[in-house]
């Protein structure tokens, strides 16, 4: 192999390496354009159209087809393979602007409706719902009040029963104490009557004694003796 052929081989290898390095870098397309599978930058199709074919070279002519008016649309530059379906207004909405190829149907809530979570809700239904909620709240409050009143009445009745029971027990205890006291008083009266009877009998007996017997009785009180 001569020196010239060797030089050509080296230069060829270097050029292949440079091209490989350039191809390995991620290609960046400018704004309002897209990159195809062949790594070519094509301009986006305008709103109201969709992409029917890619360009062959950077900035080349790509094929765009218009959407069918009133049926399909695209609302911004794109590389979509088909247009979007026009969306009809939902229940509770009215049309502000019909669907065009450049934009979807524009809707707004009908009179008497308001938008909530992306849907138009009837104010009548809202008032009906609020009325039902108010009724439920009132019924709940009434039930709570009745329950509290019943609880209070039950508690009051229980307290009254306990008080009556305590009063009955107290009266019963007082009656028993009174009965015992009466029995004690009766016994004391009987004993007093017995003592009075004995005293009267002793006094009557003393009256029958002579002065000599009375003197002897007094002496016996200080010594062991017996009256004959």
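Keep in mind that glycine also has a Cβ here, set from the backbone N, Cα and C atoms.
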Report summary line: Of the ranges 46-71, 72-97, 98-123, 124-149, the one TrEMBL annotates as transmembrane segment is 124-149
**Report entry** Residues of the repeat 'TNFR-Cys' (66-107) by DSSP state, where helix covers H, G and I
**Finding:** 0 helix, 15 strand, 27 coil
